[in-house]
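For reference, the structure discussed in these notes is given below.
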Amino acid sequence: MELVFLGTGAGVPSRGRNVTSIALSMLNERNTIWLFDCGEATQHQIMRSQIKLSKLEKIFITHMHGDHIFGLPGLLSSRSFQGGDSNLTIYGPAGIAEYVETSLRLSGTRLTYKINFEEIEPGLIFEDEMFLVTADDLDHGVRSFGYRIVEKDKQGALNAEKLKADGVEAGPVFQKLKNGEIVTLADGRVIDGKNYIGEPQKGKIISIFGDTKETANELELALNADILVHEATFEGDKAKMAGEYMHSTTLQAANLAKTANVKKLILTHISSRYDRDASKELLIEAKTIFENTEIAYDLAVFPIGE
């Protein structure tokens, strides 16, 4: 898995940063892409990346501000033109279905696939055999969600060396043993696959927040995450301004990462007042509190768990 930052700016696009969108690439895990927010020109950013719209399975919208949703109609239309025909699910606050459907209807856009809308409330919003996703309210004036994506633990690897030491040669029997089955070998021995499977591989946790000021709900969403993606619209000494505008500072994000025991913090949603050099200063001050911090730039790619 990896995170691809398609847009990392706040409010309006700038020369250095487009508005918000983040792709969670899970090509190795489930051959799909999940998208978190879709600001204006997100599809242009996708053309500059390795992402293919045909792989897009789900879109998660954090809130209904324009810099997080204005890219949806064009992206959905282009997906159709490019041959995307698999169903797509869009999760988000109340109003997301009306916004998308109205935009497509008034523009006369017909899609080659079905969109399923899930207008969410806090709690579990998706689960299958591989992942579960929960959402909770943040604090941004309008309803804004944070998402917690949990990869379920994976079965441990089959210990081929141990099998070889016990005189079991590689072959079709390995698949049955990997499934934990009890197998009778050609020589009459009966062995239990569970005795040859290693410890389960712990799944990853990714927390991706929408716009927010400091709020108690953040802690549970971020707790023990492998990666926390948090807005940092303002520098640390502008906490009062950040609160008034319902946003966060670098230091507030770093303090949350430290308290929540996350492994890596990635700062995004950077105000256009900070050019690339000033953004480096934002990173430096966040690192004074939480060392394993990165600041995202457009088209930056972060492998999960590295």
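Placement of Cβ uses the backbone N, Cα and C atoms for every residue, glycine included.
Feature annotations, courtesy of Swiss-Prot:
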ACT_SITE  D67  active site, proton acceptor
BINDING   H63, H65, H140, D211  Zn(2+) 1 binding site
BINDING   D67, H68, D211, H269  Zn(2+) 2 binding site
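Rounded to a whole value, the Cα-Cα separation of H140 (Zn(2+) 1 binding site) and H68 (Zn(2+) 2 binding site) is 13 Å.
Taking all protein chains in view, 22 other C-beta atoms sit within 10 angstroms of the C-beta of H140 (Zn(2+) 1 binding site).
What surrounds the Zn(2+) 1 site, by Cβ distance within 8 Å of the Cβ centroid and not counting H63, H65, H140, D211, is the set T62, M64, H68, L138, G141, V142, S144, G210, T212, M246 from the same chain. Same-chain neighbours of the Zn(2+) 2 site beyond D67, H68, D211, H269, judged by a C-beta within 8 angstroms of the site's C-beta center, are, in sequence order, A10, G11, V19, T20, D37, G39, T62, H63, H65, G210, E231. DSSP assigns H140 (Zn(2+) 1 binding site) to a strand segment in the three-state reduction. Cα separation, the residue listed as 'active site, proton acceptor' to D211 (Zn(2+) 1 binding site), rounded: 11 Å. A 10 Å cutoff on Cβ-Cβ distances gives D67 (active site, proton acceptor) a total of 22 other Cβ atoms nearby, all chains included. Between the CA atoms of H68 (Zn(2+) 2 binding site) and D211 (Zn(2+) 1 binding site) there is a gap of 10 Å, rounded to the nearest whole number.
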